[in-house]
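Copied from TrEMBL, the annotated features are:
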type     : residues      : note
ACT_SITE : H154          : active site
ACT_SITE : E259          : active site
BINDING  : R54, Q77, R82 : substrate binding site
Amino acid sequence: MGVKETESEVTLSFKESEVRVLKFGATVLSWKVKGQEQLWLSDKAILDGSKAVRGGIPLVFPVFGKATEGPCAKLPQHGFARNHSWELLGQVQESPLKVQFALSPDQLSQEARDQWPSDFTLIYTLTLDSDSLTTEMSVENPGQSAFGFNVLFHTYFRIPSVDSVKVNGLGKVPVHDKVSVSKYQADGEPVTISSEVDRVYSEIADSNKIEILNGDKVDVDIERTNLPDVVVWNPWIEKANGLGDFYPKDGYKTMICVETGSVSSPVNLEPGSSWVGRQVLKAHL
Ligand code: TA6
């Protein structure tokens, strides 16, 4: 049990669970509970730091998607947090096991600094318990001017079959559907997948527990704090074929992204203040 660090990765072990984190992007690559992998990672995920990881839990900050105007307009899709190396601050608790990573401007490329010059500190806390993984992001503004940001945990869950997956608990909330390029009110029914899905469900109360089911069995549930939006994404056939690092090409049949965050509008952070968002992923074996 405990924390093992190499040059590029950090491995957490607690009771019968294990998490593998790539320092590049502080990307969780694997979360195993009693030896069972809960996350999907592409067989062609690039882990050498040259590109954001396809799978696991990439981190989205300071922008979700691609901004066409405003202070994030020069940033790449999903911002810079997932494509820079984070510093391991260390273990902060033994039971359950808790470690922290940090990212600040001095770790960014000059290009990223030029694209988004705000001063910030991100503290990413991972807590591994016997059947749960908590990911918490703290955003601090040590600078002299306010800035706006999005944050999102872009979690790729491994599932038995896309034919039997259901996402429950999203509620009757506003939806921005990027496939049909439309906005509508969700009907509150469980979401199923039979084609490409790319939707932002917004204003979901923290009290709504999100459940990922295989048929009628809950495989994973997600509890959120201060993360009002949930993105559901499955690339399906055409988009999976179009992503060079998405492999196997039929991998869309055994994955679903259920991504918690604050993305529908920028969170404004005044100088000297901070913001925290958290998700607890619980595996039901
Ligand atoms: O979170 C869903 C999404 O925004 C999709 O639109 C798709 O682009 C996905 O993220 C993957 O984005 P990436 O930049 O990692 O290829």
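Even glycines carry a Cβ here, placed using N, Cα and C.
Nobody curates TrEMBL annotations by hand; they come from automatic prediction.
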Three-state secondary structure, R82 (substrate binding site) (per DSSP): helix
Additional residues around substrate, ordered along the sequence, whose Cβ is within 8 Å of the centroid of R54, Q77, R82: K51, A52, V53, P58, H78, N83, H154
Span of the substrate site, taken as the largest CA to CA distance across R54, Q77, R82 (Å, rounded to a whole number): 14
Nearest of the recorded positions (R54, Q77, R82, H154) to E259 (active site), judged by Cα-Cα distance: H154
Sequence-ordered binding-site residues from R54, Q77, R82 with Cβ under 6 Å of an atom of ligand 1: Q77
Fewest other C-beta atoms within 10 angstroms, as judged across Q77, H154, which are the recorded positions: Q77
Local backbone state of Q77 (substrate binding site), from DSSP in three classes: coil
Rounded Cα separation (Å) that holds between H154 (active site) and R82 (substrate binding site): 10
Entry from the recorded positions list R54, R82, E259 having the most other CB atoms no farther than 10 A: E259
Where E259 (active site) sits in the secondary structure, as DSSP reduces it to three classes: strand
